[in-house]
Amino acid sequence: MSYIARIAKSAARPALATAARRSVAPLTATRGIKKINFGGVEEVVHERADWPQERLLEYFKNDTLALIGYGSQGYGQGLNLRDNGLNVIIGVRKNGASWKAAIEDGWVPGQNLFDVSEAVQKGTIVMNLLSDAAQSETWNALKPLLTKEKTLYFSHGFSPVFKELTHVEPPTDIDVILAAPKGSGRTVRSLFKEGRGINSSYAVWNDVTGKAEEKAIALAVAIGSGYVYQTTFEREVNSDLYGERGCLMGGIHGMFLAQYEVLRENGHTPSEAFNETVEEATQSLYPLVGKYGMDYMYDACSTTARRGALDWYPIFKDALKPVFNDLYNSVKTGAETQRSLDFNSQPDYREKLEAELQTIRNMEIWQVGKEVRKLRPENN
Ligand SMILES: NC(=O)c1ccc[n+]([C@@H]2O[C@H](COP(=O)([O-])OP(=O)(O)OC[C@H]3O[C@@H](n4cnc5c(N)ncnc54)[C@H](OP(=O)(O)O)[C@@H]3O)[C@@H](O)[C@H]2O)c1
């Protein structure tokens, strides 16, 4: 029963919205920079409005953006840069899957599609969007091409931060910057097309010209960000690896499975177990958490749901916190990086990955999900 979802017109909503506004109230708002008080901590945020298209075109008028790698991020960032009117070229292995995908998206060999080294040589800003394992594998060939006055750009702190493991040690005589979208490249693209924008972080590793930070912010907007917040390469990689293994994917998948299995073991039908675990969460409650916050959910749900959730969340938190501590430690020590490099560098990694993904596809819960989704009226 969706007893939690009795919320939409709650009288509490205006009060909560006001409270939410207070906790992220802008303190200063000058062109190009905003300091925002996030729950008592002041942080710098830049918005797309500060970098309209004319300003981007002027700023990058002498640049060639050589985007290497055309996977998820290469696709999203590359097409957004192109639609923003910037001079962008793609560099990928000739005749690989990405080469073919790029041609399908309208990139033209010899015009704005080249092999990796040719693109790097032509670029003034080299955007390294190869997979993290490939960044490590190709580094010895790439590094000598990163000559003075080029800029090196990443979308993840992974390669330079864990340089003892990846052997990616950026030259010290060029600017090295980062813009990391907080979502998949597909979302980077779809939000841009809708006139919206992904949220991204930005950081500076080397500032040789004195303009590295400004360049990182401008590029972050140019690839399709709606707003960008400041970080460091270290904080970006640690939070990103931690988050995706935790609440964003690994942790939430583990929690879905545990709840579903207990329901099934106690005689609940597959559809009931799925509806109470995944469908209600994703279709009814999580969008509201996204829109108004968890505090709003507590205020707006039934008294029965509220009492239970208030009693049980500390139990879950206490049980899970040691796991999160272990996870953060595993990220910080580089163990997660080593694991990722080892696995993703194997010649047969795609087949091995496919076997693991097939196991997930075959799980009862996700098989049931397919049938449940068909029942949504919009899918009939
Ligand atoms: N995906 C995300 O959600 C996301 C979000 C934020 C940041 N990032 C970061 O963005 C960067 C790119 O990630 P991604 O997910 O877009 O990567 P990806 O989809 O895994 O892209 C792989 C690209 O690397 C190329 N590649 C793989 N091995 C290669 C090799 N040995 N030599 C040359 N090229 C090789 C592939 O070309 P072929 O087709 O020829 O194999 C493909 O173009 C990473 O630093 C990642 O951490 C990703």
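Placed from the backbone N, Cα and C atoms, the Cβ positions cover glycine too.
Feature annotations, reproduced from TrEMBL:
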- 41-231: domain 'KARI N-terminal Rossmann' (DOMAIN)
- 232-379: domain 'KARI C-terminal knotted' (DOMAIN)
- Asp240, Glu244: Mg(2+) 1 binding site (BINDING)
- Asp240, Glu276, Glu280: Mg(2+) 2 binding site (BINDING)
- Ser302: substrate binding site (BINDING)
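For Asp240 (Mg(2+) 1 binding site), the count of additional Cβ atoms within 10 Å of its Cβ stands at 20 [all protein chains shown]. Mean model confidence of the domain 'KARI C-terminal knotted' (232-379) amounts to 96 (pLDDT, 0 to 100 scale).
Taken through DSSP, the domain 'KARI C-terminal knotted' (232-379) splits into 127 helix, 0 strand, 21 coil. Among the binding-site residues listed (Asp240, Glu244, Ser302), Ser302 has its Cα nearest to the Cα of Glu276 (Mg(2+) 2 binding site). A separation of roughly 22 Å, to the nearest angstrom, links the Cα atoms of Glu280 (Mg(2+) 2 binding site) and Glu244 (Mg(2+) 1 binding site). Neighbour counts were taken as the number of other C-beta atoms within 10 angstroms of each residue's C-beta; across the binding-site residues Glu244, Glu280, the minimum falls on Glu244. Comparing the residue listed as 'substrate binding site' with Asp240 (Mg(2+) 1 binding site), their Cα atoms are 35 Å apart once rounded.
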